[in-house]
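The annotation active site, proton donor is assigned in TrEMBL to HIS176. The active site, proton acceptor annotation in TrEMBL covers GLU314. Residues or ranges marked as beta-D-galactose binding site by TrEMBL: ASN78, ARG79, ASP247.
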Amino acid sequence: MAVRTFGNHDGVDVLAIDIKSPDGSTTATIITFGAAIHDLSVPTSIEPRSVILGFDALSGYVANKQWHHGAVAGRVANRIAHGRFELDSVKYNIEANEPTGHTCHGGNSGLGHRVWTLENHDQNSVTLGYNSPDGDQGFPGNLKSTITYSIPSTGVFKLEYTARTDNKTPVSLTNHSFFNLDGARGSSVHDNLQQKLTIDADQYTAVDQDLIPTGELADVAGTPFDFTKSRPVEFPDSKTGKPFHYDLNYVLRKPSVSSGLHRGAELISSNGDLTMECWTDQPGIQFFDGAPMDLKNPGLGGAVNGYRAGLCLETQLWPDWIHHPNFQQSVLSPGDTYTHTTEYRFK
């Protein structure tokens, strides 16, 4: 069934929409709560495999909403220092939803926690929209955002974001899916430590103890942050004896051609039978390994999602860009359209 009711949130029905590739081998289910990717199944040499962590019921997404499972993050993805910014000499205070007093992913009630509207769908794609009113979470302007998920061909999962406003406002959206290429459905989901990761970045945005960028671009060479060559996610931390924890924005190499998508990362399953490449038009990728997650609900198919069950590769502008003029900016003006395109390519 292409469209069905998935649950009800605050009196609003949440829908689930199924899409598939033209040959039917790659499938996805999108839910309107957070415009989230509920499930993504891709072909392997053995059988189809679900590769994104999710929950069988809406209650799982609501109970664990701080982790934004599969959801769109915004109005401004990642962190804004101290929950405030200035635009055209006007100071704005926005909801600070981190214990350290900063704003992350738009606040406690960002776009990833709202019920979006189904605008269009066919067997290969679905478009969802959300109207965020002026002053929502402290941000200026009425903002209309859309996300189109599509599967144009076997193993290709495409995300296309747009946004328009009636007043100047910062906007940068991303998706917060947790990937596990060894499988994300079933009785037990293994950790991601032996999955192999490459990130096409020679630098990262250095941060303080609150994960707020200092403005410095630091080299990855000779550090645990170096994924310039494919290696296991696991990296022993000499201080703790445990695997190193990653929650960091990588500065993607500038493409030789300015238009179109460039590869940002590659992830390979533990036994090498499935590869995912992340292609994007964004300048950064946030690699979050999922280590702090303590999920309150079983995952897809009753899965027990334990330690490091999934990792995020969030294509994005660099965190706290609005406070760093040397970072790429994204202040949207009336009459202009914000766009962002990312593809996850499986083989």
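Cβ coordinates are placed from backbone N, Cα and C, and glycine is handled just like the others.
HIS176 (active site, proton donor) and ASP247 (beta-D-galactose binding site) are 13 Å apart (CA-CA, integer value). For ARG79 (beta-D-galactose binding site), the same-chain residues lying six or more positions away in sequence with a CB closer than 8 A to its CB are GLU98, HIS102, THR103, CYS104, LEU211, ILE212, PRO319, ASP320.
When secondary structure is read from DSSP and collapsed to three states, ASP247 (beta-D-galactose binding site) falls in the strand class.
Other residues of the chain with a Cβ within 8 Å of the Cβ centroid of ASN78, ARG79, ASP247, the beta-D-galactose site, are CYS104, LEU211, ASN249, GLN286, PRO319.
Rounded to a whole number, the distance between the Cα atoms of GLU314 (active site, proton acceptor) and ASN78 (beta-D-galactose binding site) is 9 Å. Distance noted between the C-alpha atoms of the residue listed as 'active site, proton acceptor' and HIS176 (active site, proton donor) is 6 Å. In the three-state DSSP scheme, the residue listed as 'active site, proton donor' is classed as coil.
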